[in-house]
Every structure is written in structure tokens, then in C-alpha cells.
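The GTP binding site annotation in Swiss-Prot covers 15-22, 63-67, 121-124. Positions annotated as motif 'Effector region' by Swiss-Prot, on the basis of similarity to another entry: 37-45. Look at Swiss-Prot and you will find C198 tagged as cysteine methyl ester. Annotated S-geranylgeranyl cysteine per Swiss-Prot: C198, in sequence order.
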Amino acid sequence: MSKKYEHLFKFIFVGDSGVGKSSILLRFTEDTFTESYISTIGVDFKIKTVYIEGKAIKLQIWDTAGQERFRVHNNSQYRGCHAVMVVYDVTDQRSFENVAKWIQEIERYARDNVIKMIIGNKSDMISQKVVDPFLAQEFADSLDITFKETSAKQAINIEDAFISLVKLCIDRIEEFKPSSTSSSTIILKKPQSQKSNCIIN
């Protein structure tokens, strides 16, 4: 039986705990949002198919824990990854400062040609914003990484961010071909994960 999609891409979310990775994932895959979403402990993933120029593209999107104590368990999740979304909270300066550390981790564990995107989430919280988007853009430009501000709560730039990444992956599909065997056999078995209650916008 032939596959029903043109390409399969594996995306991963990384970033500090509480920045809204799970909320972005829920907004994109299910178009839902909740103020009291339970945070991820360990790893979890969702599957979504998008259509680019009439072609079906299947996405396997991994949501990882932001806590330092779980990071060692997450390193293996970079295997076969095509793109990584590094998320920070625009109302939390420390989460933005830690973006550099997350990028260092990506460069250490992910494939050399992995595509990266920096996302400043919770852009709807204008009065509480502390991270200057111009500085964030400047930082991203210095690393030749795409930058976008999003709001999972108001569904701002969520789909645009994912579609942009998909198009970048398609444009660079030839670079991924040496790893196509491993990436095309990604195990879709849902990993064991636990949840703890917290508020994430």
C-alpha cells in the first residue's frame, strides 16, 4: 500500500518550562487553547498533515519538557529531526536569555543541517512584554535563524510559523536525503509521559 503523503518531517519544540510549547502545539494541531493546560514531563508528540501546493506533508511534532532535570532524556529526541522550534516567553527575560543555551544543545545533538526557528510566544500580553522583538530579531539574524512572535492564545502567527518551516524543509529536502532512511522510519509509538498541573499561555 502506497503512502498517502509526499514527505514526513519531524519537528521538535524546545525551550524553558512554561513558555507555551504545549499550547502552540495544541493550537496548531487541534485549534484549541486552555489557560490551565498541564505541562509536559518527558516527551509527547502529535501528528498533523498539511498541504503545500496540493501535496500532503505529514508532520510529527515533538513537545519536550523544559526542565533541566529532564533534558538528558530529551537529547535522543533530536535523532532524525528536520527542524527545531526554540520557544521563549516574551514576558520572561530569562527564558529569552536561555535561548542561546537551547541552540547550543541543538548544535550538539541534532544533525548539522537541522533547520532552526526562534519563537517569542505570548505576544498578546503586550503590557507585560519585556523582551524587545527588535533585539530578538537581531539575535536571530546573527545566527541566520528565522524569528517569529506568536500567541497561542489568540492564534497569532502559529500556522504561519509551521508552514514557513515546512517550506524550508521542502526547499532543503536534498540535504536531508542522506538521512532519509532513518527519518523515514521514525517510530510513531507514543512515548510514556507524565503531566503536572500548571498555567501556560
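Glycine residues also receive a Cβ, built from the backbone N, Cα and C atoms like all the rest.
Summarised as a single figure, the pLDDT of the motif 'Effector region' (37-45) averages 63. T64 (GTP binding site) carries a strand DSSP state (E or B). In this view, G18 (GTP binding site) is surrounded by 18 other Cβ atoms within 10 Å of its Cβ, with every protein chain counted. According to its DSSP assignment, G15 (GTP binding site) is in a strand. A helical conformation is recorded for K21 (GTP binding site) in the three-state DSSP classification.
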